[in-house]
Amino acid sequence: MPRVFTGLPANYAAPTLALSLLLPLLLVVWTQLPVSARPSTGPDYLRRGWLRLLAEGEGCAPCRPEECAAPRGCLAGRVRDACGCCWECANLEGQLCDLDPSANFYGRCGEQLECRLDAGGDLSRGEVPEPLCVCRSQRPLCGSDGRTYAQICRLQEAARARLDANLTVVHPGPCESEPQILSQPHNIWNVTGQDVIFGCEVFAYPMASIEWRKDGLDIQLPGDDPHISVQFRGGPQKFEVTGWLQIQALRPSDEGTYRCLARNALGQAEASATLTVLTPEQLNATGFSQLQSRSLFPEEEEEAESEELGDYY
């Protein structure tokens, strides 16, 4: 007499049957989504969240490495997927990750990275710390391209993004460099009696000193002029220094070209900006629309901010 199993309910269906019914439903939902809501065709790590949601509830099939798709655009390296079979892109620095090694929703951090709770939020306002990938080392490094990188993780990202550059570590610590002006002073105009400020941000190693000068004067500002002041501070990043020149209660004689000069033992760099001073009568007679070309130049600001992309920070 055949053996009868009575421990399962009559309407029990095998998991594979449930999945076979669920997948067509997911396909219908997918086709109804707007294009903007679908995952992009970018690097694999950008699509992984969608793939995990679609695969939720599925078990691991027998591992067939020859059927695995090759991951691409993996700037943080590769890790095995939840089933330990195929390779997938590891998470980058700053991306969400799984604190529990047995979990696999957000994904695993890449080479030289570890998953830590981000304590930078404001807990008093109810912000919940999030697990993020953090580089194990925070020591700056000098790359073979002559650039200084904040730590090994940034250098490895750059190396994987530019494979033909053969980027390697030359030595720990920053590269020795003559001053590089990261943020230049900008041309500006204002009315007599008002205040203006020029700023200048410099990266260098050894550290640079900054001074301000005005064309036509042989002295370093502020000199003995009580309505001109200068200020300096370190930062905003390592091996950077920022200087400001403030002119209070503008006078017509303040008009001219001002220069930020940065020096260290390896060399110097400079950047200039023009100050135009108008009287109220000139402003009314000229009209603001005609002065826009002599105001701040957005194109110069964008160029200054993009000059050192990829370097250090």
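For all residues, glycine too, the Cβ spot is worked out from N, Cα and C.
Listed features, source Swiss-Prot:
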SIGNAL    1-37  signal peptide
DOMAIN    56-136  domain 'IGFBP N-terminal'
DISULFID  Cys60-Cys83  disulfide bond
DISULFID  Cys63-Cys85  disulfide bond
DISULFID  Cys68-Cys86  disulfide bond
DISULFID  Cys74-Cys89  disulfide bond
DISULFID  Cys97-Cys115  disulfide bond
DISULFID  Cys109-Cys133  disulfide bond
DOMAIN    127-177  domain 'Kazal-like'
DISULFID  Cys142-Cys175  disulfide bond
CARBOHYD  Asn166  N-linked glycosylation site
DOMAIN    179-276  domain 'Ig-like C2-type'
CARBOHYD  Asn190  N-linked glycosylation site
DISULFID  Cys200-Cys260  disulfide bond
CARBOHYD  Asn284  N-linked glycosylation site
REGION    290-313  region 'Disordered'
COMPBIAS  298-313  compositional bias 'Acidic residues'
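Checking the disulfide-bonded residues (Cys85, Cys109, Cys142) against Cys60 (disulfide bond) with a 10 Å Cα-Cα cut-off leaves Cys85. The DSSP breakdown of the domain 'Ig-like C2-type' (179-276), given as helix, strand and coil counts, is 3 helix, 60 strand, 35 coil. Fewest Cβ neighbours within 10 Å among the disulfide-bonded residues Cys68, Cys175: that distinction goes to Cys68. Fewest Cβ neighbours within 10 Å among the disulfide-bonded residues Cys60, Cys109: this applies to Cys60. In the three-state DSSP scheme, Cys133 (disulfide bond) falls into the strand class.
When averaged over the domain 'Ig-like C2-type' (179-276), pLDDT in the model lands at 96. A sphere of 10 angstroms centred on the C-beta of Cys97 (disulfide bond) encloses 24 other C-beta atoms. Look at the disulfide-bonded residues Cys63, Cys89, Cys133, Cys142, Cys260 and count other Cβ atoms within 10 Å of each Cβ; Cys63 has the fewest. With respect to their backbone Cα atoms, Asn166 (N-linked glycosylation site) and Cys86 (disulfide bond) stand 27 Å from each other.
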